[in-house]
Amino acid sequence: LALFENIDEMDSTPMVSSLLNKLANYTNITQGALEHEEAESEDGIQRVTGPQMGTFIGVFLPCMQNILGVILFLRLTWIVGTAGIMEALAIVFMCCSCTMLTAISMSAIATNGVVPAGGSYYMISRALGPEFGGAVGLCVYLGTTFAGSMYILGTMEIFLTYIMPNAAVFEAKSREPTGMQNNMRIYGTFCLVIMTLVVFVGVKYVNKMALVFLSCVMLSIMAIYAGVIQSAIKPPNSQHRVCLLGNRTLQNSRFDKCEKTELINNVTTPTQLWKLFCKGGIENATCDEYFTHNNLTEIQAVRGLLSGVISDNMWGHYGQYRDIVSPERASDKSHDSHYVLHDVTTFFTLLVGIYFPSVTGIMAGSNRSGDLRDPQRSIPTGTIMAIATTSIIYLSCVVLFGACIEGVVLRDKYGESVNGTLAVATLAWPSSWVIVIGSFFSCCGAGLQSLTGAPRILQAIARDGIMPFLQVFGHSKSNGEPTWALLLTAAICEIGILIGSLDHVAPILSMFFLMCYLFVNLACAVQTLLRTPNWRPRFKFYHWSLSFLGMSLSLSLMFVSSWYYAFVVILFSGCIYKYIEYRGAEKEWGDGIRGLSLNAAQYALIKLEEAPPHTKNWRPQLLVLLKLDSDLGVKHPCLLSFTSQLKAGKGLTIVCSVLEGTYMNIKAAMAKEKTKGFCHVVVSSNQRDGFSHLIQSAGLGGMKHNSVLMAWPANWKQAESSLSWKNFIETIRETTAAHQALLVAKNIDKFPTNQDRLDEGTIDVWWIVHDGGLLMLLPFLLRQHKVWRRCKMRIFTVAQMDDNSIQMKKDLQMFLYHLRLDAKVEVVEMHAGDISAFTYEKTLVMEQRSQMLKQMQLSKTERERECVLLFQAQLIHDRNTKSHATLNDKATPTSDRVHMTWTKEKLISERNRHREAHMTVRDIFNMKPDQTNVRRMHTAVKLNEVVVKKSKGAKLVLLNMPGPPKNKGGDENYMEFLEVLTEGLERVLLVRGSSREVITIYS
């Protein structure tokens, strides 16, 4: 014991007296309970003492007491007898390896800083974040609560089976599950009520009994080893003997002698055993056929360490439900209550799930870190030594049980073959009652500790505020006792008791603890691999590979034990994770998941820069230019709603705004505005320079915007708004120069919010100029959102009067079919003069679309060789003017038809041809409104008439947006042109492509 005490203590106090003093004050209650006990002191004075516990008292003994318990006394012999020594050793080794690897990871986390109240929950939540921490915290809480159910059921099983079997309310014939479970439910509920009242009155009473419970565990284990030594030295005790009929094991509680007949006064008299199988006297008896043809054999229950029975118990003897327990592997089925029967179908994975709770409890030391003198030394040393000690105890018990006890006694779960004696108790010395009484009080103490510790775990989670629905359980009495959490714990514990079987409850709590161990290992591995500067644990004997091995082993044991329980617990943890993510409070604990996200983001950004994006991967990455009012409120909230609808919750969106002034003056105002998402606020002397800076520099690496979304400048005709529309046009020019797409929403305040649901309507696309497919892609993206889901898509295209409209419609429908777009196609015929403004903007007449559709049929190599250049003509002229009429008469019939696919040579020759034919042509925007004999904006008016006629009732109209004039003197006429073009339409989205293809027919 001196190995666990500090040297200073040895110098100041005699070691024996110091140890006795600490044992007298020993407590196995989780951290925080000591303060509650002090608050309940009779003198009313709250005495707070500093942490005084060392490694032995503070970590080693609590871990030992939590690990050694009900499974060791009630189920380990049955597991050895059923699985055999070799498979039982494999089960113990797997489970102990899992806890040892977890202890190594836990030691690294626990020594990386102070671990306050909350224990494992605190460690995982601060290492992996509130989402994982909350999910695992609830798993630890539920595991501890169901552990209380298991300990209470174990207590009642010992009481009803081995101490007072006559106290059963329902008769359990041959261990009939219903009768046995009903007894467990009634007495278990009664025991739970008593234990809850004890905990509610005060944990000081539980604390005072902690040493008694610990002593019971230690004395019981010593009695087992003493019995093994005694069986090796002296002949086996004849007190416990097993009666076999043939190869069938009999319940000897129904008879006193393993004989068919006996001599009484020289008269052959039938025994009690005879009467169980025969009716009538000896002369005219009608007996069971198997009883008649087989002899009775009586064997020792404890054969002795040197008897050689180990060879018989080396391999498994699995059985089916209602099979008779026998020395042989093959056994018969029977419904006769005279035999010892298997109460459940046994198999390896079932035994793993039942055994694993016996190795839980490794967190007892870390949960008490605040009460330790040197937790960074005590937690690793005490926990690992406790696991090593208990592993040796379990492994040695497996071998010793198989080497000393007869196989049929090991497989007899309830000791029916040895007159209702606990199987492990048959080996005990000096009396079997040492084990029975010791295990009874051990289970009682473990149940009280679970009911004391579980509410505090729930209280720690509730007080963190990460799950709003648990806030009520953070409240407590004046002394800090978690009353509401205790009531919830008792209610959940009652659910486990109503299951009524220790074998059915054990796999449930195994899942919860395994999930906890999985995340402890994950937390250590993530922190180790990330190499964050704050990861500096004092415990150095860890490695990320060991953590991954522990994590893999925990996950494997979950599915080996019970795959359906594993799925349920994983689903439960996932639901809690998503709930905290969406509804929980925002917490920043410097967790490893944030660091992992940072590393992943850095890696992804570097990968994106390695190659330009392919057309198939193109998606609108929006830069939203948002204007704020004088109170820093959003001027057009619907613009943000439309942004989310367009993105359907996916993709990159950067919301930007420009505040005029200096940074120091604006900083205080920015602090008042709470924003969520990617927001970028720039302080500039004027909005024009600010938006120009954002268009050029927003984003990072491959995560840069490729599209700009802005609102149409309302009331631009007013004198005070002249600066607004000039900035608007300059933004268009800068976006075009940056080769980015531009989306302009007109009447944005009339657009639907995210709470609206549009009835059945249409989204109309007026496809006049080919923009790389963006005009067709946008309606498809909008319809992915629930606001626009019911709307249908219509595509209108414009043809001249002499075009083959029917063939054009067929070709366009085929094109949409290849694009996998569901839309209705309409071709609108207009005179050439009515669409002259768009003619030099690549008007899609019949030959243009035919050229594009033929392009689809070319081979991939040919398509890559051909340089696809869209003719960017900015000339807008009026055919009705007198000066242009002469030129029009001389032009060829196809002079206005510009093909949309161009090679470099075609583009140069076409430009030269237009320069020669239109040497005096000026832009329509240079025409002044007061000029006589000029039909201003003839094209806009005529096209607007057609659009209004066809799309007046549309929910949204998408139109090609012509580029601004090169001569800034025509800017105002350009604004007028767009105003006339969109007049009379409720919602309009003007689209200007980026001169690159954004949609493809290829997979």
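We number each residue from 1, going along the chain as drawn.
Each Cβ is built from the backbone N, Cα and C atoms, and glycine gets one as well.
Quick look at what TrEMBL lists:
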type     : residues : note
DOMAIN   : 58-246   : domain 'Amino acid permease/ SLC12A'
DOMAIN   : 338-623  : domain 'Amino acid permease/ SLC12A'
DOMAIN   : 637-743  : domain 'SLC12A transporter C-terminal'
DOMAIN   : 744-1003 : domain 'SLC12A transporter C-terminal'
TRANSMEM : 56-76    : transmembrane segment
TRANSMEM : 88-115   : transmembrane segment
TRANSMEM : 135-163  : transmembrane segment
TRANSMEM : 184-203  : transmembrane segment
TRANSMEM : 209-229  : transmembrane segment
TRANSMEM : 339-364  : transmembrane segment
TRANSMEM : 384-405  : transmembrane segment
TRANSMEM : 484-502  : transmembrane segment
TRANSMEM : 508-529  : transmembrane segment
TRANSMEM : 541-557  : transmembrane segment
Over the domain 'SLC12A transporter C-terminal' (744-1003), what is the model's mean pLDDT? 65
Using a Cβ-Cβ cut-off of under 8 Å, list the residues of the same chain that are 6+ residues beyond the ends of the transmembrane segment (56-76) and lie near it. 1, 4-5, 19, 22-23, 26, 28, 150-151, 154, 157-158, 213-214, 217, 220-221, 354-355, 357-362, 364-365, 368, 371-373, 378-379, 381-383, 385-387, 389-390, 393-394, 397-398, 401, 413, 422, 424, 435, 438-439, 442-443, 445-446, 449, 502-503, 506
With pairs closer than 6 in sequence left out, are the transmembrane segment (339-364) and the transmembrane segment (508-529) joined by 3 or more CB pairs under 8 Å? yes
Would the transmembrane segment (484-502) count as touching the transmembrane segment (339-364), i.e. at least 3 C-beta pairs under 8 angstroms with sequence separation of 6+? no
For the transmembrane segment (484-502), which partner among 135-163, 184-203, 384-405 gives the most CB pairs under 8 Å? 135-163
Take the transmembrane segment (184-203) and find every residue of the same chain, 6 or more past its ends, with a Cβ under 8 Å from one of its Cβ atoms. 29, 33, 36-37, 40, 149, 152-153, 155-157, 159-160, 167, 169, 444, 447-448, 451-452, 455, 481, 483, 486, 490, 493-494, 497-498, 500-501
